[in-house]
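The structure appears below as structure tokens.
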């Protein structure tokens, strides 16, 4: 009886994410704002319809390579934390801290701001059509949506996971409402927008890295299960199965969606549209004009939910590893959610939504994201060499992590030429973590600073009603 009571009262992150929820988390994270805003960025930087479709397929294939690498990492390294914990375990504390620094100050808030802005734009679009929605109104609605998801993730892991499952169905429905009318138009012989699809004169090779950034942004989310590794039921089986099925599903859906876009819209129509899905519906199926924007907005809402659910785990694990203040490794005593880690993103995302622009923010954070994802898969190669005796239940051919790592790092290097301003800002953000690491992490804090940190942590712990996670021994 006493043992059962102790088990009931223990405070830790429960294993509540089943295969279905893992699949929903991946679908819900990948299918969001990207497929509804990235077509413009891919087309602008690839030059023609044909080359843009090639970029979309290549991004899907690259995402599958990355997902397979992360599936193996997830079976080799049993901790949550995603990119951070993989870099820490394979390449060491300095690269992992630099990732954490860039993720907190650049990657995650900028990514969340992009998705939030897409949510606000699509939700308001039906009310202001055919005019564009006012920017202040878009930003206000974007912030309200983000705050709602923030509150939900602070309240319950189960409810946020259930919402993710429901919104995954909504996302697929939104895609189907674009794919079906598009395929019907294509079957009727509307192929005029595919003429000269591979006109080489329109191709601008030095802009291709930005096209890949836009495409990979749409697919980003294939790594989300790695952030919640410790909360997955049967992770050795469910991680590989969930990533393979979900990525294939999204590749097929994205290719059909883009073909549908180009069947109804010409190149100039896509480039001029602030909301491609709305322009498509206005041209192809006006009866859905009030339905599709709402479904797209809900898709973005699901992506925000998945992003908060997983990023809070990164800060949680980093605190446990001693590279982030200890408060952020604590869990709410009743809700069993990492409340401090969830709330930390509030001020940064608010700032970026207020001052940011979707496409500039996308280029800004993509540099850092793909640099560290490339380093994580490089870490898989290093881990294999260091631990040849370790038999992983899931293992990919060596050429997959090698190819993925080379492509990621090459794209990152080329992007300096494509967009030097935003990429330089992102690089500076990463490098600024060096002095912080050596002053705060590498060197031991003085007793006075340690006492002050302990005092502040205690006060905030009482205010937020959080405690340190207990080690589960049963």
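Please read every residue number as a count from 1 along the shown chain.
A Cβ is built for glycine as well, from the same backbone N, Cα and C atoms used for every other residue.
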Per TrEMBL, the transmembrane segment among 264-287, 288-311 spans residues 288-311
Ranges 20-37, 452-469: which does TrEMBL label transmembrane segment? 20-37
Winner by Cβ pairs under 8 Å against the transmembrane segment (423-441), considering only 83-107, 127-149, 169-190, 210-227, 339-361: 83-107
Select the range from 83-107, 169-190, 339-361 that forms the most Cβ-Cβ pairs under 8 Å with the transmembrane segment (210-227). 83-107
Counting only CB pairs under 8 A, let me know which of 49-71, 83-107, 127-149, 239-257, 367-384 has the most with the transmembrane segment (20-37). 239-257
How about the transmembrane segment (83-107) and the transmembrane segment (367-384): do they have 3 or more C-beta pairs under 8 A, pairs 6 or more apart in sequence? yes
Cβ under 8 Å, sequence separation of at least 6 from the ends of the transmembrane segment (396-417): give me the contacting residues as numbers and ranges. 62, 65-66, 68-69, 71-72, 206, 208-210, 212-213, 363, 366-367, 370-371, 373-374, 377-378, 380-381, 384, 423-424, 427
List, by number or range, the same-chain residues at least 6 past the transmembrane segment (169-190) whose CB is under 8 A from its CB atoms? 27-28, 31-32, 35, 253, 256-257, 259-261, 263-264, 277, 280-281, 284-285, 288, 291-292, 295-296, 298-299, 302
Let me spell it out: take the transmembrane segment (367-384), skip the flanking residues so only those 6+ beyond its ends count, and list any with a Cβ under 8 Å from a Cβ in it. 66, 69-70, 72-73, 76-77, 83, 86-87, 89-91, 95, 98-99, 102-103, 106-107, 111, 213, 216, 220, 223, 390, 398, 401-402, 404-405, 408-409, 411-412, 415, 422-423, 426-427, 429-430
